[in-house]
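Written below as structure tokens is the structure these notes are about.
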Amino acid sequence: MTGAVCPGSFDPVTNGHLDVIGRAAAQFDEVIVTVMVNKSKRGLFTVEERIEMLEDSTSELPNVRVSSWHGLLVDYAKQQGITAIVKGLRGANDFDYELQMAQMNQKLSGVDTLFIPTNPTYSYLSSSLVKEVATFGGDVSDMLPEKVHARLLARIAERAAESS
């Protein structure tokens, strides 16, 4: 059985993420979408909330499961018996950063990284940009799954109420 891990912060999951996950799922028997935990960053959503949103958003992909991990991604991949990491690339800046990570991961563990070019429809899309635009009232409804969009608007409203 071939498997891959598809890591990210997914804060929140976007349609761009889902495009890459779906395309990876078409290539591998199993894809583990892994929410990487960075304790130095305070996300808009908790890790548990991100997992819930990912599980809901990928429920129609039977060979996809969702998990989280704190530590080196290659350690997780080895623990799961996974030999490939899948990363989406939006452009040259992503490639420059991700290539160095891929080479380091390969050196540390022998785990290879496969790059999937992002669908041009989503090449501008990032979770950070979506959050920023939504915070200022911009319409991001076509950039996220419907339920994720609703949760994003609710969380932004909560944060606004807390700060006023």
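From the backbone N, Cα and C atoms, a Cβ is placed for every residue, glycine too.
The following features are taken from Swiss-Prot:
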{"type": "BINDING", "residues": "Ser9, Lys41, Leu73, Lys87", "note": "substrate binding site"}
{"type": "BINDING", "residues": "Ser9, Phe10, His17, Gly88, Leu89, Arg90, Glu98, Tyr122, Ser123, Tyr124, Leu125, Ser126, Ser127, Ser128", "note": "ATP binding site"}
{"type": "SITE", "residues": "His17", "note": "site 'Transition state stabilizer'"}
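Closest in space to Leu89 (ATP binding site), of the binding-site residues given as Ser9, Lys41, Leu73, is Ser9, taking the CA atom of each residue. For the pair Leu125 (ATP binding site) and Ser9 (substrate binding site), the Cα-Cα distance reads 14 Å. Its Cβ placed at the centre, His17 (ATP binding site) has 27 other Cβ atoms within 10 Å. In this structure, the binding-site residues Lys41, Lys87 were compared by how many other Cβ atoms lie within 10 Å of their Cβ, and the smallest count belongs to Lys41.
Compared over the binding-site residues Leu89, Leu125, the count of CB atoms lying within 10 A of a residue's CB peaks at Leu125.
In sequence order, the binding-site residues near Lys87 (substrate binding site) (Cα within 10 Å of its Cα) are Glu98, drawn from Glu98, Ser123, Ser127.
Distances between the Cα of Leu73 (substrate binding site) and those of the binding-site residues His17, Glu98, Ser127 are shortest for Glu98.
The number of other Cβ atoms within 10 Å of the Cβ belonging to Ser127 (ATP binding site), over all protein chains shown, comes to 23.
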